[in-house]
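Engineer: Got a structure here, written out as structure tokens. Questions coming.
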Amino acid sequence: MPDSNAQGSREKESGHHRSHKERIGNYVVGAEIGRGSFATVYKGYRSKTRVPIAIKAVSRQKLTSKLLENLESEINILKVINHRNIVALTDCFKNDTHIYLVMEYCSGSDLSVYIKQRGNIPTLDFVPKAGSSMALLPTNDEGKIYWPHPPTGGLDERVTRSFLGQLAQAIKFLRAQDLMHRDIKPQNLLLQPATETEVAEGHPYGIPVLKVADFGFARILPAAAMAETLCGSPLYMAPEILRYEKYDAKADLWSVGAVLFEMSVGRPPFRANNHVELLRRIEKSNDNIVFPDEKERDSKSSDETSIPVPSDIKALIRALLKRKPNDRMGFDDFFNCGVWDGHMAESTEEESLSLDVSTDSSAGLGESDRIRQMVASTEQSKDRLIPTRAPQPLAADAALNPQPAVPISRDTSEGRSRLSTPPSRPTPTRRSTPKYYVGDATPSEPTAIIPPSPSSAPTPTSAPDPGLTTQQSPTSRANPRPIITAASSAQRRMSGKGDGREASSVEEAAPITPPFTGPSPTMARPSRGINEGSPLAAAPPITMGPDGRLERSSALEGSTSGVGTDYVVVEKQTVEINALADELDQASKRPMIRRSSRGSVVSRPVSSFKPISPNITKNDPTLGAISYSPPFALSSTPPFAMQVPRHASGGNSFPRNPSIPSSLNAFPPTTISASPSYGQDAAARFGVSPGSLQTGALARALTNTAIRLIGTSANTAATAIARATAKRRPNIVRVSDMDAAEDDLLCTVEDLARKAFVLFELADERLLAQTQLAQTARTSSTPTGLTGTTPPFSMQAAAAAQAGSRRKSSSSSMNSEVWILRQQEAAANDAVVLYMKSLAFIVKAMDKVKRYWKNRTDVYDGYVASQELNEMGQWLRARFNETFEKAEWAKTQAGDTLLFPDWLVHDKARDTSRQAAVAELQGDLTTAEQGYETSLWLLQALLDESVYENGSIPDEDKVAYERLMVPIKTRLDALRKKLAESSGMTAR
């Protein structure tokens, strides 16, 4: 079909339905069911069998080269993983504009919707067995019922235990492959009804099958999730991630505990509006997890609305929700806890049902020594736990990590794996009709689709668990997709950097990259409906050997992965700076009279710090423009873009909650503006509106709270943060007496802040240049009809457009595109380095404030921070968050060679001084003064030896910079005299 007609049809359609059927290979594309930052999800079906599938179309235009590489290596991981509790990648295709992932379709939505709807999801109803107690329940017109859950609180206990066991199976399998999920949450746990085959093989009748989704997208998630503070993900994050500390696989166990708590109680264990508040609540709990039924019992309330949580589940939750990873239950203990024993297979006995309360089956687990120890230890530790006041969130302070309660004793001698399938029933086979509901979380982990690159051989460090056995079902269909029930607990630790690295080294997790191999003559590829030409056909699955050990086919031979042992590091300086700013603000509220060693105010000029916009007031309409920023690590759109509403899913009453923000608007971002001439209004050059400023995710989250509090007090955190967010430079006005030490500190910090700001401003200009070049390259290289967010499924249209593009191309245009790409990368390189140098000055300033504050609080009990010091702290906090976020995004666009562009700073200083001179001649004295000041501070930054890698500035450069500063200082002094005379004031 013509591409113009296809594009016009997409523009006219609402996105939920299509007037024509489009195809990808052997698949027919149906209605859109989800949309993400750079992916659109469609429901479709196989053209011959009409088996429903989900097609995720990922736009290559929105992917940077690094994100594209991550996506491709993620595909290589997905195509060799076969497990009934992990969503399957059925097929994949790619063209010049899109990558298409054909995945299972799960019709039962996700666990979060299941909990909210109390299991009443249309596709999850079932016909009760004759003679069972459920047959007495009222049915619908088709004679079906939904699984009965309590009207309030958590899910039915049997469903909770079954879901937990299925989740544990998936985690154990991933762990055996040296993979971490790192984003376990209800939105990533998809549900679908069990097939007749699965029920016949022992799956509990009426309970949905749980599948883990998006597990491979999490290597870069922690940094992104900090930007998703308001989207819910941090509610299930381990505290070590919230503290910006390095973490290992035990972070998944915290998330499992949080999910188990929500299944048992009906809400997350800790709730907060941002990750700082969430961390405070976790620390304040002091490992004392209190359940609703315990609160009612302690308060002697007669209201018995809370459903009692079984004691063994309580003990498991408390063992998992330990703040310190070393105190948290380990994987072996978790897999052997026995909480889900007896609930992974259908019971042959008559069910006992209560519609009001769930049955407490923990009594049947009395023979488990481990559970008895967990319950006893937890009950003893509860009596000793005394809630304490949460400390200020200073990450460097030991008070942030208080000692937890006595850890639960664990019997590690028990070797039997309770996770394995009971030997009385065969292992269920993969059904031939996969279903999958794909959410809009975007892939971010991976290498080339065709062909994957080879890698070095793995080195096992421990033997697999001999307790895991599996046998193939005699009723398996022809060529079924193999199922791995519970992966062995083999600790194969594979590192792309070599096994000999130091334990303390921190490396980027290396994804599994299977080499390209053809079909093995000795082992036929199980049929999954995969085209012979598909990249998936080259990747044999992981299977279980006759001895119960995992066997990797040739696709995984020689692969390497450091996921099992590597740590992930998130910028800890962020939380330290935000915590210090919070503490300064809290200290500034104490009603005490400060000591003063002198009564004079500082005579330093602060004109360069005066904001163009007036102070923010309660009715300032620009506050509403401060917007939420998408996660920079997951998106090709910069972190300062605006969010637009997400389209509703069509044909689905229970769409999945988005795990990433919706699609974003295009460039240019409002925070970056081209530098106009100095003859224009000063605000155009040196000031921007408060609403256009973007700070980091934390600052924006706090600012949203601050907006509601502005006007209540001149010294509230809300006022300070909102003002700091609206200022491009600190506005230090001496309004109170202060001692000499604080005066000297503020003078030093102001100097560092000025240097940080001018470098930040120059980095913004380079980032703007990079985005404009990217738009130019995208416009010149994208054929007509292939733009937009909706992928062109018509192969004929794509081929015609590509042919037309080739006819128009020439050698000169190719050279032009290469030049644009080189300039684009160079601009990104400059922006990254300049942002990092600006961050260095900010961190240096905050360190000085931190040392001063610590010395003062050690000497004077209850020392009060001045309003000036608090204002400076809030400005540093806001600027750090914004700079850090932009640097992270710019880094995804930059190359490998990053050098400090001192020549660029020098040229900018000279050009700025020239424009200031022109403004002075034209009579715009205020603009001229700001230009001279900016030029001087650019040169001052070049004279600071800390910006150079070797820590010293060449002598000839130092002489040149100092010589250049002399005439600029002279002009600035003369200009200030003119300003003083014109305003009737004495010279400053």
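Including glycine, each Cβ sits where the backbone N, Cα and C put it.
What Swiss-Prot records for this protein is below:
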type	residues	note
ACT_SITE	D183	active site, proton acceptor
BINDING	I33, G34, R35, G36, S37, F38, A39, T40, V41, K56	ATP binding site
COMPBIAS	449-463	compositional bias 'Pro residues'
REGION	1-21	region 'Disordered'
REGION	394-561	region 'Disordered'
Engineer: Mind telling me which of the binding-site residues I33, V41 has the densest Cβ neighbourhood, counting other Cβ atoms within 10 Å?
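Structural biologist: The largest 10 Å Cβ neighbour count belongs to I33.
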Engineer: By the DSSP assignment reduced to helix, strand and coil, which category contains R35 (ATP binding site)?
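Structural biologist: The three-state answer is strand.
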Engineer: What number of additional C-beta atoms lies within 10 angstroms of the C-beta atom of A39 (ATP binding site)?
Structural biologist: 28
Engineer: Let me check the 10 A CB neighbour count of D183 (active site, proton acceptor). How many other CB atoms are there?
Structural biologist: 27
Engineer: Just to be sure I understand the packing, how many Cβ atoms besides its own are within 10 Å of the Cβ of R35 (ATP binding site)?
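Structural biologist: Within a 10 Å radius of the Cβ of R35 (ATP binding site) lie 22 other Cβ atoms.
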Engineer: Compute the C-alpha separation of the residue listed as 'active site, proton acceptor' from A39 (ATP binding site), stating it in Å without decimals.
Structural biologist: 19
